[in-house]
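> Please find one structure pasted underneath; my questions will follow.
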Amino acid sequence: PLPCGVRSRKVGTSAHGKHPVPNSVTLTKRPPFLGQRNFCRNPDGRNRPWCFYRNNRGRVDWGYCDCRQGSVRLKGGRNEFEGTVEIYLNGIWGTICSDHWDNTDASVICQQLELGQRGTARHTLFSVSGLIPVHWSNVNCHGNEENIMLCEKTTWQGRMCPQNMAAAVTCSFSHASDFIPIRLVDGRSTYEGRVEVYHAGQWGTICDDQWDDADAEVVCRQLGFGGVAKSWSEAHFGEGSGPVLLDEVRCTGNELSIEQCLKSSWQEHNCGHKEDAGVSCTPLADGAVRLVAGKSNHEGRLEVLYNGQWGTVCDDGWTEWNTQVVCRQLGFKNGKIVSERFLEENTGPIWLDDITCSGKEFNILQCSKGDWGQHDCSHQEDISINCYRHNDSHKALLGPPIRLMDGENKKEGRVEIYINGQWGTICDDGWSDKDAAVVCRQLGYKGLSRARTMAYFGEGKGPIHVDNVKCTGNERSLADCIKQDIGKHNCRHSEDAGVICDYLIKKSSSSKDSLASVCGLRILHRRQKRIIGGKNSLRGGWPWQIALRIKSSHGDGRLLCGATLISSCWVLTAAHCFKRYGNNTRNYVVRVGDYHTLVPEEYEEEIRVQEIVQHPEYRPDNSDYDIALVKLQGLHEQCTRFSAHVLPACLPFRRERPHKASNCYITGWGDTGRAYSRTLQQAAIPLIPKRICEERYHTKFTGRMLCAGSLHAQKQVDSCQGDSG
């Protein structure tokens, strides 16, 4: 097979025939116009994958290649989620020695096969695996590798594997029951204590190196405790007696279990039990306080909890001593009163008035105060304070975890938030790039962020937890931006909010580039999501897709037909698209770079029509010669700006015939059976032999046509209204 380039994402198929795997062979000289797109791939459903290469004459050619190098599969298990690990190297399937094989290595295998985020390491006798060679031993993954080829390992030297055991895995999707067992020991209550984890049949402690409140928040969440999470170090709850099992734990505060945090390998540490880590998960009770509607967690309007409801505190008689007590209760050193009325008013109850503290109390309930709910105040008199942080390293708690779902990669997707034990979505009312910046920052991304609305990444299925998010863009977590009660909204899932993190603005290329150098190129994707009748297209997958839109009196227009970009200024479409509204160019506009019809995108552009040229032999009463050219307005043959999302298709050579057993692709925003699609759709349909088409359509089928579709009733995929052209 030809030596085509390694693709960092998965582009082949696994042993199950479902999941992509990486190609591992390399290309030393790439055709200059291909850039990084020349990979062993099979986008058209051929019998064998192919790639471009430079032949002996120095010309660009294509040939067949092998995508299986580095593939993995599971064999001998009770189901597809378990079995002995086998890897395909140099044309041979082989196993891995089980020495040093652990859950981190197993998880990389499961994620590569897309069988779950969590893998449990197993060991299998070689007799079960059959008579196949051993490829590797001493595999050592860090857990963030996209495939097992990227992990450290040793090529097998022919010696016996330990206990004659091969590496095996059991894959699963992370549920609470799958998390590392964890407990709190030697605290004064069940809500606090030394943190101990269970591994390899024994309980052990965690070293306090890097231990902070974000780690404590994850521990409390995993144990099911709400309230305020606080970290403790230096064996605050006494020294443990078992092994020190973990060190250098670094949670973001967004994880559901400590297993998902960055950390050292098991029992790899430089600590003694004097450094055992602990946490306290103080439950919220009457008298708990919080600061809301501020720019960060250490400033804002003071609210106090009573009978399960948060309410405000009146500023009558409020002193600096009161502020000191509240800030101490919140874990800060001191603070001051905020006199400016820049914080939005509350509409809930006013719980406390006339509070008098000496400054020595540890919480507000120890101060002198009136009865709950007794006051003579309005919300104009709500007290607001600003607490001083201990030092600059103090970390604000992140609040509920968030995640991105159904994007094309891990840096984008529908935003979901974990509240009351359930993942739910966020309504897009007021959703902006500032909100997206906070989401991406909470998830650890530092680049440019873009907001997406109108269920851009598909509709969620759980509850809609949050609406009317208002971020300034400077907050550390989305929790700081939530101003409305949880669960209160007026939305449907068609309004689910999404984000794109580390957004890359791709520069437009000159439309003067020769068509031979850019036509037919497109971004390659590995993920495809099935929908009604076909598939949701992925952004940039069909850069020559054009939307021919009819103008309306309101100026927004609507979809009329699809079309194909064939050069900077020319578009190919169907002649019957102009049957109803005629050839007046002022009736139409062409949209390039579109993906979601209701969401304006950075690479999207609308261009006026200059000329419409229908085939002279076209007649509206039949389908022969149903073809038209549309010329776009522009100067010096530069009408469209080429980019990764806007490129022309290649035209066939004169008398060129399609390959036998080829597939055609229908793309467009046509009817999906329920409504017009918002996102660009794609569906593969096979070419039908000429003989069958002539039998079915008789004289309607001419030599100038191709016939495509499915002859099976259960596979009815076809173009619909809106897909013409």
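Even glycines carry a Cβ here, placed using N, Cα and C.
In case it helps, TrEMBL gives these features for our protein:
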- 1-25: region 'Disordered' (REGION)
- 36-70: domain 'Kringle' (DOMAIN)
- 72-172: domain 'SRCR' (DOMAIN)
- Cys97-Cys161: disulfide bond (DISULFID)
- Cys110-Cys171: disulfide bond (DISULFID)
- Cys141-Cys151: disulfide bond (DISULFID)
- 182-282: domain 'SRCR' (DOMAIN)
- Cys207-Cys271: disulfide bond (DISULFID)
- Cys220-Cys281: disulfide bond (DISULFID)
- Cys251-Cys261: disulfide bond (DISULFID)
- 289-388: domain 'SRCR' (DOMAIN)
- Cys357-Cys367: disulfide bond (DISULFID)
- 402-502: domain 'SRCR' (DOMAIN)
- Cys427-Cys491: disulfide bond (DISULFID)
- Cys440-Cys501: disulfide bond (DISULFID)
- Cys471-Cys481: disulfide bond (DISULFID)
- 531-725: domain 'Peptidase S1' (DOMAIN)
> If you measure Cys207 (disulfide bond) to Cys251 (disulfide bond) at Cα, how many Å is it?
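A Cα-Cα distance of 14 Å.
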> Other than its own, how many Cβ atoms are within 10 Å of the Cβ belonging to Cys440 (disulfide bond)?
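Other Cβ atoms within 10 Å of Cys440 (disulfide bond): 24.
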> According to DSSP, which kind of secondary structure is Cys171 (disulfide bond) found in, if we only use helix, strand and coil?
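For Cys171 (disulfide bond) - judged by DSSP and reduced to three states - the answer is strand.
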> If I take the alpha carbons of Cys220 (disulfide bond) and Cys271 (disulfide bond), what is the distance between them in whole Å?
23
> Could you measure between Cys471 (disulfide bond) and Cys151 (disulfide bond) for me? Cα positions, answer in whole angstrom.
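Between the alpha carbons of Cys471 (disulfide bond) and Cys151 (disulfide bond) there are 40 Å.
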> I'd like to confirm something. Which of the disulfide-bonded residues, Cys110, Cys171, Cys357, has a Cα closest to the Cα of Cys151 (disulfide bond)?
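Given the candidates Cys110, Cys171, Cys357, the nearest one is Cys110.
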> Say you check the Cα of Cys491 (disulfide bond) against those of the disulfide-bonded residues Cys97, Cys161, Cys281, Cys367; which is nearest?
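When the Cα distances are compared, Cys281 comes out closest.
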> Helix, strand or coil for Cys151 (disulfide bond)? Use DSSP.
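Looking at the DSSP assignment, Cys151 (disulfide bond) belongs to neither helix nor strand, so coil.
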> Rank aside, I only need the closest one: which of the disulfide-bonded residues Cys141, Cys281, Cys501 has its C-alpha nearest to that of Cys97 (disulfide bond)?
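Nearest in space to Cys97 (disulfide bond), counting only the disulfide-bonded residues, is Cys141.
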> What number of additional C-beta atoms lies within 10 angstroms of the C-beta atom of Cys151 (disulfide bond)?
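Neighbour count, Cβ to Cβ under the 10 Å cut-off: 17.
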> Give me the Cα-Cα distance between Cys251 (disulfide bond) and Cys440 (disulfide bond), rounded to a whole Å.
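The separation of the Cα atoms works out to 16 Å.
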> Drop a 10 Å sphere on every Cβ of the disulfide-bonded residues Cys220, Cys471, Cys491, Cys501 and tell me which sphere holds the fewest other Cβ atoms.
Cys491
> Taking the Cβ of Cys427 (disulfide bond) as the reference point, list residues of the same chain whose Cβ is under 8 angstroms away and which are at least six residues distant in sequence.
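In sequence order, the residues whose Cβ lies under 8 Å from that of Cys427 (disulfide bond) (at least 6 apart) are Ile464, Val466, Asp467, Asn468, His489, Asn490, Cys491, Glu495, Asp496, Ala497.
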> List the same-chain residues at least 6 positions away in sequence whose Cβ sits under 8 Å from the Cβ of Cys357 (disulfide bond), in sequence order, or say none.
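The answer is Thr319, Trp321, Asn322, Gln324, Val325, Ile364, Gln366, Cys367, Ser368.
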> If one measures from the C-alpha of Cys501 (disulfide bond) to the C-alpha of Cys481 (disulfide bond), what distance in angstrom results, rounded to a whole number?
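Spelling it out, the Cα of Cys501 (disulfide bond) and the Cα of Cys481 (disulfide bond) are 18 Å apart.
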> Only counting partners 6 or more residues apart, tell me which same-chain residues put their Cβ under 8 Å from the Cβ of Cys141 (disulfide bond).
Thr104, Asp105, Ser107, Val108, Ile148, Cys151, Glu152
> What Cα-Cα separation, expressed in whole Å, is found between Cys261 (disulfide bond) and Cys440 (disulfide bond)?
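Spelling it out, the Cα of Cys261 (disulfide bond) and the Cα of Cys440 (disulfide bond) are 17 Å apart.
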